[in-house]
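Positions annotated as signal peptide by TrEMBL: 1-25. Under the heading domain 'GH16', TrEMBL lists 5-216. TrEMBL lists E102, E106 with the feature active site, nucleophile. Summarising the annotation, TrEMBL assigns active site, proton donor to E106. According to TrEMBL, the N-linked glycosylation site annotation covers N110.
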Amino acid sequence: MSSSLEFVTIFTLLVASYLLSVVHCGNFYDDVEIQWGGGHGKIFDNGKLLSLSLDKYSGSGFQSKSKYLFGRLDIQMKLVPGNSAGTVTTFYGPAMEPNHDEIDFEFLGNSSGNPYTLHTNVFAHGKGNKEMQFNLWFDPTQDFHTYSILWNPKNIIFLVDNVPIRVFKNHETLGVPFPKSQPMKLYSTLWNGEDWATQGGKVKTDWSKAPFIAYYRNFTVNACIWSPAEGQSSCPSSKNTWFRQELDVESYRKMRSLQKKYRTYNYCKDMMRFLGGTSRECTVREKDI
Ligand SMILES: *[C@@H]1O[C@H](CO)[C@@H](O)[C@H](O)[C@H]1NC(C)=O
Ligand SMILES: *[C@@H]1O[C@H](CO)[C@@H](O)[C@H](O)[C@H]1NC(C)=O
């Protein structure tokens, strides 16, 4: 091999390894820890895959090692297949002290052949009751799909396979609290909610089908990472793409047509439940919520 060719080869290798270290595709060993459930939560395939399982004795859960204050968090999940009635799989960011803030994705299992319900909610300063529920336009148990939370000072956008399904805007000007000062860890759990989850609790878990297993891969974090020592968060230089992101007209249109087809519950429309009137953000033009 001539020395210039050797140089080119080495140079190419260096560039390749540099790119690999920049394109961070998420390693569960580095980014999360199994929080509970003993052997029911597992990381394998060199950190590329994680599974949570649920049986009669225990569910399981993991949490991110870092806390985030604003960010875009993506994860790919493949949910419990078959008869998943009673199972609840979650992906959410809570902060409890001193106020309860939370951004929620929950997947409520169903009896075989019936669709999962995707449940979303937002808590800010202890106030929740902002549920929206959806059917999915695919079978979430057949393949991995990407579920994302984009959280910045202007809004929280929930995305499925990169398509926005819901946006919760910052309506502090209307007196509606918005989570923006408490850093959150990201949690994910698989647990038993048979008392309420499936068809209002009518369909119970069939434990003869246990263990129920959900798989995770490619946890991708673009976020401002909280430093407890400094008491502040530091943001990556790439933050501008998501830190300012709001839905443009085209994305709104997409989201609206998706909501028309697949949204099964909207707290803003539940007059029976909120007899005193729905929350204030519900009174702004439909386009904006
Ligand atoms: C389960 O399927 C039934 C029938 O299609 C549906 O009414 C229900 O919303 C689905 N989801 C849950 C969590 O029960
Ligand atoms: C991992 O997730 C990121 C963010 O959603 C995405 O851009 C990337 O294509 C995914 N990688 C794989 C291998 O699926």
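Cβ from N, Cα, C; glycine included.
Here the features listed in TrEMBL are painted onto the structure.
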residue: E102; record: active site, nucleophile; Cβ neighbours (10 Å): 19
residue: E106; record: active site, nucleophile; Cβ neighbours (10 Å): 20
residue: N110; record: N-linked glycosylation site; Cβ neighbours (10 Å): 19
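Cα-Cα distance from E102 (active site, nucleophile) to N110 (N-linked glycosylation site): 25 Å (rounded to the nearest whole number). Proximity to ligand 1 at the level of Cβ atoms, with a cut-off under 6 angstroms, picks out N110 from the recorded positions E102, E106, N110. Secondary structure at E106 (active site, nucleophile), as computed by DSSP, is strand. Confidence over the domain 'GH16' (5-216), given as mean pLDDT on the 0 to 100 scale, stands at 91.
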